[in-house]
Each structure stands twice: as C-alpha cells, then as structure tokens.
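Each remark here refers to the structure printed beneath this line.
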Amino acid sequence: MSHTTHPYQKELEVATLAVKRASLLTKQLSDSIVQTARSGTLTKDDKSPVTIGDFALQAIINHAIKLNFPSDEIVGEEDSQELQENSSLADQVLSLIIKIQQETSVYNDVVGTLTDKNKVFQSIDYGNSQGGLKGRFWALDPIDGTKGFLRGDQFAVCLALIEDGKVVLGVIGCPNLLENIVSNEEHSGVVGGLYSAVKGVGSFYSELFKEGAEPLSQQKPIKMQNHTNPSQLKVVEGVEKGHSSHSTQAEIKAKLGFDPTTVAKQTVNLDSQVKYCVLASGQADIYLRLPVSDTYREKIWDHAAGNILIYESGGQVGDVTGAPLNFGNGRTLDSKGVIAANKEIFDKVIDAVTEIRKSSTPRV
C-alpha cells in the first residue's frame, strides 16, 4: 500500500494535529514544573499540573475527534466531575486551552476550538466509552508517564484508533524525547518526536514541534532491528519499580544470556509509551513489563498506540504467554504483563519469561 492511498488519511491528519497541539501544551507545562521545582515552590505531592494537563488535553483531543467523526466513541481516562465541582480548576483549564488554541491557530480549521467551560466538560465526557469488540473507537492517554512529566523527563500523548478490536492507527507525541537514545546517559538529536503508525502502511518518525501534518511520504519510515546476539541486544523498561517487576526482568535478561558486566548499559529506563517509540525506531530490541501483582490489568490506552507502532515496524507484542493483546475486551486488557521484541528474538524472550515464572512465586 502506498503512503498516499491508505484509508485513514483524515483520521491521521486529525490525530496528528490534535496530538501536536496537546504536546505543545504539555511541553510548556512540564518545563514550567521543572522551573517551579528548581525554585523550591513545588511540593512533592502537588499533582495539580498533571490534573490540569490531563483535563485540557482530553478536552482538546476529544473535541477534535468528535468534530470530524461525530459517531466515533472515545475511551478516555478522565471524566469532568472534579472539574465541574472546582470552578478555579475549570478556569485554569479553559485558560490553558484558549492560550494553546491561539498559539496553534493554524490548526483550528481541522481540530476546532473550545471557548467555554460547558463545552470543555462535554468534550472531556466524550471519553466515557466502554470500548468492546465491535465498532470503532479511539483510546486516549492524555499524559502517559505522570511521574516522568513531573520530573521534566519522559512522558507521551498517546492516541489510537481501534476497529472491531484491532488497532488500525496510532499516534504518539513525545515532547521530551531526543531522536537518538543510546543508553540511559547518552541521548542526542532533535528534542520532541512524533511517532505514527497505520495498519498495513508502516511506522514513521517526524519532528513533533514542526508545524502542520506532514504526509507519511515526507516522514521517516522506522523499522526494528533483528538482533539476536545477547551482546547486541538492548532492553527498554520502566523507571518506576511500582509499575513492573524489575527483579523478575533482571532474571529474564540473565536467562537470555546478557553479560552481567554490561547488562546495565544494555538497559534503557524510560517512562511511558516512549519505550515503544525507541523500540520501533530500532534503538532497542526488547520491552519488558512484567506484572507486579497477579490481579493487575493494564488499561488499553496505555498500550494501544504503542502496539501498532511495534507491529508496523516489524516487531511483535504479547502478554507474558506470548498471546497478542486483545483491545476488544473493554477498557482493560484481559491479560498479564506486556512483552514486545523484534520477531527474531520474541519467542526466546517468551520462553525465558515462562521459565522464570514457573520457578518464581505465584504472583509473577
């Protein structure tokens, strides 16, 4: 399929411009948080910038979707109740939205504008879909990687389109991600990446803060590498230990033959779906997210956009048993953990996971 003939042209344009507008807003917020933290006026438990950002982004992106595709449903993280009960918070959210609309007014014809609080509440509440196996809906994570966002580190704006339980389009904006990620210490290149994937077409990289929606033919196609030698492999995993089992992941790397003297340099720790972007662009080979408890289930918006990015760049994604993730099961994935890897190594990774899980405590 050529880059110019895929059936999701309009969807991709709307998703791209909505994510670009939203990403610019989050970049400004994240940078201001870092400045505030440096001045010593941000308390550790102050989550208000995240709350404001989440609400503003969900309103902006949901409005763009409903303006262009009124019959589409949206699975979103927030509802507007807290905002409706706090007029000061609502004023802050509306003010941010109006400001970013003025700064990105060139996008208004495509993604629309919000000018009053009631429209903001309504747009946020469009995200109340339960998803499911039939029909068409979008999955949105407005600020994926909250802790990275607060640190001024990695976070992502993630939007995916799902049809009959299958992801067909994904767009991930990574405001703080540098183009080249070699290790935890070595990052270089342009700051801000936009990663897009369309089913049957491929995965692509472009500069996030470049104005407009470039056609895929002008974007950089990205592909996973096919490394299998343990000395060449790199693993991406989360920063926060509460999100995945780092100790189990260390055992898996040992089982795969990683050299204990170099494994630290071969592991890149990143918050959010940024991990999928680094993997899809061939800068890492394996993504491990082992469950920290037997009952935890992932939310679909945490993985939908990343899932298609990996498949369309030549990789494979599954749960801890290797089974593909099912995005038609409602708002959560009915499976444990997430493993992604290049196709050459995927089965070996799943075998290692299976062996470690058999020999460890039942919770893994």
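A Cβ is built for glycine as well, from the same backbone N, Cα and C atoms used for every other residue.
Copied over from Swiss-Prot:
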type	residues	note
ACT_SITE	ASP54	active site, proton acceptor
BINDING	GLU77, ASP141, ILE143	Mg(2+) 1 binding site
BINDING	GLU77	Mg(2+) 3 binding site
BINDING	ASP141, ASP144, ASP302	Mg(2+) 2 binding site
BINDING	THR146, HIS243, SER272, LYS275, ARG289, ASP302	adenosine 3',5'-bisphosphate binding site
ACT_SITE	THR146	active site, proton acceptor
BINDING	HIS243, SER272, LYS275, ARG289, ASP302	AMP binding site
Quick one: give me the count of other CB atoms within 10 A of the CB of ARG289 (adenosine 3',5'-bisphosphate binding site).
23
If you measure from the Cα of ASP144 (Mg(2+) 2 binding site), which of the recorded positions ASP54, GLU77, SER272, LYS275 is the nearest?
SER272
Cβ-centroid neighbours of Mg(2+) 1 site GLU77, ASP141, ILE143, 8 Å, sequence order:
ASP54, LEU57, GLN58, GLY76, GLU78, LEU140, PRO142, ASP144, CYS158, TRP301
Tell me the coarse DSSP state (helix, strand, coil) of GLU77 (Mg(2+) 1 binding site).
coil
One finds that other Cβ atoms within 10 Å of the Cβ of ASP54 (active site, proton acceptor) number exactly 23
Near ASP54 (active site, proton acceptor) (Cα-Cα within 10 Å), the binding-site residues in question, chosen from SER272, LYS275, ARG289, ASP302, are none
Between the binding-site residues GLU77, ASP141, ASP144, where is the Cβ count within 10 Å the lowest?
GLU77
So which binding-site residues are near ASP141 (Mg(2+) 1 binding site), with CA atoms within 10 Å, out of LYS275, ARG289, ASP302?
ASP302
Spatially speaking, which of the binding-site residues THR146, SER272, LYS275, ARG289, ASP302 is closest to GLU77 (Mg(2+) 1 binding site)? Use C-alpha to C-alpha, please.
ASP302
